[in-house]
Structures are given as structure tokens and as C-alpha cells.
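Read the structure below first, then the notes.
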Amino acid sequence: MNPILTNRLQKKLGYTFQQHDLLLQALTHRSASSKHNERLEFLGDSILSYVIANALYQRFPRVDEGDMSRMRATLVRGNTLAEMAREFELGECLRLGPGELKSGGFRRESILADTVEALIGGVFLDSDIRTVEKLILDWYRSRLDEISPGDKQKDPKTRLQEYLQGRHLPLPTYQVVQVRGEAHDQEFTIHCQVSGLAQPVVGNGSSRRKAEQAAAEQALKLLELE
């Protein structure tokens with residue numbers, strides 16, 4: 001691993017690892033090594049959920065559980081994490097196997113998002129819960145400042161369905177058109193047919209549900225609702 005890249009990444013993250021092997025493991029996809037980042041990802045996912053839930057609870061004392069759940073889902077969903085990964089220029093530091101490199105895995109949203117969670121898990125093991133909580137809140141400062149309760153936090157499929165129902169239009173249809181990769185690391189491609197759009201909208205994700213949500217989000221953008 002190029003030390004120039006990892007040093008630059010740590011500056012962007014705002015954290016320097018004491019145990020460098022944890023950083024390397026967090027950046028390692030299962031296609032590259034048996035010592036990959038999935039256990040760190042599991043840990044980081046839980047820590048991220050706790051930190052964001054606690055931040056929302058403190059910021060919005062009058063907001064009900066449903067709205068807080070929707071806001072948390074918006075903040076921790078895959079495309080938000082992938083967007084953050086691109087801000088960190090994380091793709092250049094990923095350790096991928098030859099197949100993933102060839103297929104552009106360093107750009108794949110699911111891999112980028114999973115790696116952010118793995119880094120959170122790695123930082124926790126390298127330090128403590130207070131340190132990783134402060135770091136996550138630093139990463140999320142602008143997003144937490146911008147987010148607010150309300151319909152905007154409903155997931156894209158729900159918002160698309162409500163939009164169409166409100167206009168007495170047929171509900172969207174979702175069709176799996178491609179599944180790539182092995183069982184542990186698949187990428188689904190979905191076509192979403194929406195009344196009012198001439199062509200099916202395409203969505204990709206690491207599960208059918210995520211791909212459908214991605215397609216619905218694209219449809220909302222085309223309908224100028226996003």
C-alpha cells in the first residue's frame with residue numbers, strides 16, 4: 001500500500017491510526033485477502049447507527065421515533081456513505097482482488113460504503129468510543145445541520161409510490177435485469193418502469209431492495225421531485 005495515499009487518506013479522515021494493520025484491514029475487500037474488512041464493517045455499522053441515533057435524539061427533542069428513524073436511514077444509507085467515501089478519495093486506497101479491479105470495484109457504491117463502515121470499526125478498535133463518536137460527528141457536521149424531519153426523509157420507493165397514488169397513476173414496477181458477482185458480494189441491476197417516463201429507470205445496489213431504492217431515487221430526480 002502506497003504510504004503517500006494512506007497518509008493523505010488519514011489527513012482527510014482526521015484520524016491517524018496507531019495500529020496501521022487495522023487501517024490496512026479496513027481498506028481490504030474480501031476479493032483481495034482472507035484478512036478482509038467485513039468484521040470491521042459489521043462493527044462500524046453498529047457504531048455509526050448508535051452515534052447518529054444519539055445525535056438526532058439530542059438535536060430533535062420534540063420529534064417522534066418515526067421521523068428520527070427516517071432521518072437516521074437517510075444519513076447512514078449506502079449512497080450517503082459512498083458520497084462521503086468519494087469526499088475522502090477512498091477509492092484510490094482500496095485493496096481489491098484482480099477481478100474487482102478490472103470491473104471497477106473502486107467506484108462501486110456498495111464497496112465504498114462498506115469501507116467507510118469498516119474504517120469506523122477500525123478507528124474504534126484503535127482508540128475508544130468517545131474518539132470514534134467525535135470523528136463521526138465531525139464527518140457528519142454539515143449533513144446533521146442540513147437534515148430536518150418530514151416527508152423528505154421517507155425512503156425513495158415510498159415517496160415515489162405516494163406521488164403516483166396522489167395523481168391516480170399506476171404504481172411503479174421493478175424488474176431485476178442483471179445480477180453480478182458471487183453470492184457474498186452481488187450487485188443487482190433493476191429497471192423501474194414509471195408512468196410518465198418514456199424509458200425504464202436503472203438502479204444498482206448490493207441487494208434487490210437497495211437497487212430498487214436507487215432506481216426510485218433516480219425516477220424522483222427525473223420527475224423533478226428530488
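Here the Cβ of each residue, glycine as well, is placed from N, Cα and C on the backbone.
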Per Swiss-Prot, D114, E117 bind Mg(2+); matching candidate in E41, E65, E182, E187: E41
Length of the line joining the Cα atoms of E41 (Mg(2+) binding site) and E117 (active site), in Å: 5
Number of helical, extended and coil residues in the domain 'DRBM' (155-225), per DSSP: 26 helix, 20 strand, 25 coil
Residues flanking the Mg(2+) site, with Cβ no more than 8 Å from the Cβ centroid of E41, D114, E117 and excluding those residues themselves: N37, E38, L40, F42, G44, D45, A113, T115, V116, A118, G121
